[in-house]
């Protein structure tokens, strides 16, 4: 044998003596080109398996079935070992090519770690889904599969999903009878017609109030005084323009009018006389 071969064997023996039998086997297994290392699966669900396979074992390395929802031609960015914590391998797929599959529930159960700022991929597209009524965009939370709820980035042929939060359209209140109509209870509407007929018609005759509803009436209808009542009031006014309490009680008993009605009539009668005198005065002066 040549001297170079002897030197190589002596160096190997020294290394084996320093590291021990176990260390030498591990070193040889790592340095040997024929050692079979488990390669990180490209597109598959998380699977736990042994980190190293001893060389020369008859059992072939474990192969995982690819996810049926991911196209075979896609090439995602590689993910380092231990990225999501534990001894599991995982893969991150672009959102547009990810479709719902039966393994979604199994993937969502595994815990995940929030990646550091340096480990975030710059080529990953940013996606925001805006919901009506919320000021900020939807932010995905940890420990869930990174799948958008509302599809915003996708192929043109794929169907778009409508908003999951229904928003009722604004409908203004419609008043059938206009603003002049008197609305008492729910469901009461005036019949169509000219507004002056609805305004001057008697509310109690046109629409009788239903049971359990207090009808709000406008101005009370004026009841004219009889000739006998007016004669008694005019006679007292001619005697005294300001009525006293005793006279008011006597007239109230004689005319069947309330004391308030008599007081108001005397006030109106004084105003009327004042207007008549002012009109006569303006007509006589040149």
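Every residue number used here counts from 1 along the chain in the order it is shown.
Glycine too: its Cβ is placed from the backbone N, Cα and C atoms.
Note that this is a predicted model, so its numbers are computed, not measured.
If you check Swiss-Prot, you get these features:
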DNA_BIND  218-277  DNA-binding region
REGION    219-248  region 'Interaction with DNA'
REGION    260-275  region 'Interaction with 5-mCpG DNA'
REGION    272-275  region 'Interaction with DNA'
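With DSSP classes pooled into helix, strand and coil, the tally for the region 'Interaction with DNA' (272-275) is 4 helix, 0 strand, 0 coil. According to DSSP, the secondary structure content of the DNA-binding region (218-277) in residues is 43 helix, 0 strand, 17 coil. Here the DNA-binding region (218-277) returns a mean pLDDT of 92 for the predicted model.
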